[in-house]
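Enquirer: Quick one: structure below, then a few questions.
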Amino acid sequence: MIFPSHDSQAFTSVDMEVGNCTILTEFILLGFSADSQWQPILFGVFLMLYLITLSGNMTLVILIRTDSHLHTPMYFFIGNLSFLDFWYTSVYTPKILASCVSEDKRISLAGCGAQLFFSCVVAYTECYLLAAMAYDRHAAICNPLLYSGTMSTALCTGLVAGSYIGGFLNAIAHTANTFRLHFCGKNIIDHFFCDAPPLVKMSCTNTRVYEKVLLGVVGFTVLSSILAILISYVNILLAILRIHSASGRHKAFSTCASHLISVMLFYGSLLFMYSRPSSTYSLERDKVAALFYTVINPLLNPLIYSLRNKDIKEAFRKATQTIQPQT
């Protein structure tokens with residue numbers, strides 16, 4: 001990646017000189033605020049959010065793993081979603097916390113690529129997993145008598161494995177395509193993590209091919225998963241409308257309400273960030289959108305799936321009784 005040489009008094013960087021150009025070896029992540037007075041406050045806020053997110057998601061994973069009453073397809077998918085959210089927030093938050101307590105805002109080229117790659121793995125995998133969860137809810141509501149046979153252990157495992165495989169393959173294409181670009185100007189990224197949009201803004205090469213490849217990868221994944229979710233929920237809605245009793249309709253809807261909220265939060269923030277025309281591009285708005293799907297969504301998902309879930313509440317109650325010292 002080629003940068004013209006430039007002087008910087010605020011930051012120092014390690015570059016390799018080749019001819020009259022400089023090969024970049026690191027980026028500078030500005031984060032949320034350059035004001036040093038805000039750094040302790042931001043550190044405290046993000047540390048609190050990080051600890052709550054980790055504890056919430058790992059509690060769900062452990063409960064689903066250890067309680068035999070939660071060994072069902074629905075909770076199998078919820079457990080994998082919680083693991084993804086645990087992974088997602090861990091890709092970004094430690095670097096955010098480190099930048100809040102250190103004046104060194106640098107991230108190596110390899111570190112930037114790794115951060116983009118692993119964030120893409122989680123994002124793409126979650127797209128596929130949410131579609132698989134919609135199919136699970138479709139099978140439970142539309143064909144309840146055949147549900148156990150339809151959502152077999154082999155099928156559930158295959159859907160989750162396929163989600164991860166698709167996530168890794170898409171992430172490889174996304175990351176490799178991004179880092180084939182040449183960048184010009186200062187190596188300063190006005191963001192709190194290495195994401196494709198701010199990197200593309202720094203590119204000094206023609207991004208037409210990049211945009212076509214990225215549109216194909218992102219477009220296929222997002223549109224295909226949204227289409228699968230929409231088809232599932234149209235069938236679910238039709239099945240609910242055929243239920244005669246109000247209590248039956250309420251119970252059927254409540255089984256998929258949490259998933260529907262999670263879908264709207266995740267895809268809403270992604271579409272807000274990536275579907276807007278370039279003329280309306282704003283780094284500040286992108287920071288807010290990125291903060292939502294990288295930090296807020298993983299924080300909210302454990303609450304969404306557990307607050308009104310009697311099975312998880314009961315499993316948590318039994319777990320706390322088990323670990324309490326006998327008196």
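Here the Cβ of each residue, glycine as well, is placed from N, Cα and C on the backbone.
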Enquirer: Taking the topological domains recorded in Swiss-Prot, do THR205 and ARG285 share a side of the membrane?
Expert: yes
Enquirer: Which cysteine out of CYS100, CYS112, CYS120 is the one Swiss-Prot pairs with CYS194 in a disulfide?
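Expert: Here Swiss-Prot pairs CYS194 in a disulfide with CYS112.
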Enquirer: What else in the chain is close to the transmembrane segment (72-92), if you only count residues 6 or more beyond its ends and a Cβ gap under 8 Å?
Expert: 50, 53-54, 56-58, 60-61, 64-65, 115, 118-119, 122-123, 125-126, 129-130, 132-133, 136-137, 140, 151, 156, 159-160, 163, 192-193, 255, 262, 294-295, 297-299, 301-302, 305, 311
Enquirer: For the transmembrane segment (153-173), which stretch among 114-134, 213-233, 287-307 has the most Cβ pairs under 8 A?
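Expert: Ranked by Cβ pairs under 8 Å, first place goes to 114-134.
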Enquirer: Considering only Cβ pairs within less than 8 angstroms, which of the stretches 114-134, 253-273, 287-307 has the most against the transmembrane segment (213-233)?
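Expert: Most contacts with the transmembrane segment (213-233): 114-134.
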Enquirer: Can you work out which residues elsewhere in the same chain, 6+ from the ends of the topological domain 'Cytoplasmic' (65-71), have a Cβ less than 8 Å from its Cβ atoms?
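Expert: Counting only partners 6 or more residues beyond its ends, the topological domain 'Cytoplasmic' (65-71) has Cβ contacts under 8 Å with 79, 311-312, 314-315, 318-319.
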